[in-house]
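Right, I'll just put the structure down here and ask away after.
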Amino acid sequence: MAEEQARHVKNGLECIRALKAEPIGSLAIEEAMAAWSEISDNPGQERATCREEKAGSSGLSKPCLSAIGSTEGGAPRIRGQGPGESDDDAETLGIPPRNLQASSTGLQCYYVYDHSGEAVKGIQDADSIMVQSGLDGDSTLSGGDNESENSDVDIGEPDTEGYAITDRGSAPISMGFRASDVETAEGGEIHELLRLQSRGNNFPKLGKTLNVPPPPDPGRASTSETPIKKGHRREISLIWNGDRVFIDRWCNPMCSKVTLGTIRARCTCGECPRVCEQCRTDTGVDTRIWYHNLPEIPE
């Protein structure tokens, strides 16, 4: 079912592309609306609504299936088919060259179904959507001699007058896509349509704009204003000698690096005190052999 819906969506987009290439005139739209009103009042009576367009009133020179149809299943209406056009145009649409006016069984009426497969009642708009079932999945709809292959249009919600809001700045749609690609293909156009609609209305925008600060410049990074704590740190050295362990403890300035070995480090900042409370009670501070770097330690 998803594949069939994708096929109908594609056919609809192709028809919209043809309409955007050469839009229908206002006179033809008024006639279609009048015919639709008559059909809605008398659903059992079939009325022919297609007429030959005058030169310049409509740019569609090839037939395009009308989206207006009776729920009783009438003949498909062809708009813009002149007296000189034959059934070759039907082959362009993917329809076999036969009498289109007599192929009433080629129309298929779609309803809305729930997850259990039952038809949902009370929805009137879905009953009037008539789709030509004889269209091939790879067929294209022509929109004139100078049709645009890479153009597309989104139809928005109809206004109170019955006319649809169109978006002529949409991105092109790929010719062949699967059912899983419908959401991806239409995502950019939906966002563009929402952006245009939100810009055109007078209602305040909901939410707030997210302002992302720029990344920090490493060249302008400032040092911390908090000074490094000055003082001494206590270091411990364990030496194994056979079955004995010698433990040595001493202090080094806080600003010096921690290294291996019994090393008496020197203050690099010039602010660390010479002795602390622990240094004063250290009896071996004067008799201990100090090394100021690793190469001085004998192996």
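Cβ coordinates come from backbone N, Cα and C, glycine included.
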Suppose a student reads Swiss-Prot and sees Cys267, Cys269, Cys272 listed for Zn(2+) 2. Which of Cys251, Cys255 should they find annotated at that same site?
Cys255
Could you tell me which of these recorded sites, Phe246, Trp250, has the greatest number of Cβ atoms within 10 Å of its own Cβ?
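For the recorded sites Phe246, Trp250, the Cβ with the most other Cβ atoms within 10 Å is Trp250.
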Rank aside, I only need the closest one: which of the recorded positions His232, Trp240, Phe246, Trp250, Cys251 has its C-alpha nearest to that of Cys272 (Zn(2+) 2 binding site)?
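If we rank His232, Trp240, Phe246, Trp250, Cys251 by Cα distance to Cys272 (Zn(2+) 2 binding site), first place goes to His232.
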Report the nearest neighbour of Cys251 (Zn(2+) 1 binding site) in space among the recorded positions Trp240, Cys267, Cys269, comparing Cα positions.
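Nearest candidate: Cys267.
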If you draw a 10 Å sphere on the Cβ of Cys269 (Zn(2+) 2 binding site), how many other Cβ atoms land inside?
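Excluding its own Cβ, Cys269 (Zn(2+) 2 binding site) sees 12 Cβ atoms within 10 Å.
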Do you know the mean pLDDT across the region 'Interaction with host STAT1' (110-120)?
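So the average pLDDT across the region 'Interaction with host STAT1' (110-120) works out to 63.
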Quick one: which residues besides His232, Cys251, Cys276, Cys279 have a Cβ within 8 Å of the Zn(2+) 1 site's Cβ centroid, in sequence order?
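Along the chain, the qualifying residues are Gly231, Arg234, Asn252, Pro273, Val275, Glu277, Gln278, Asp282.
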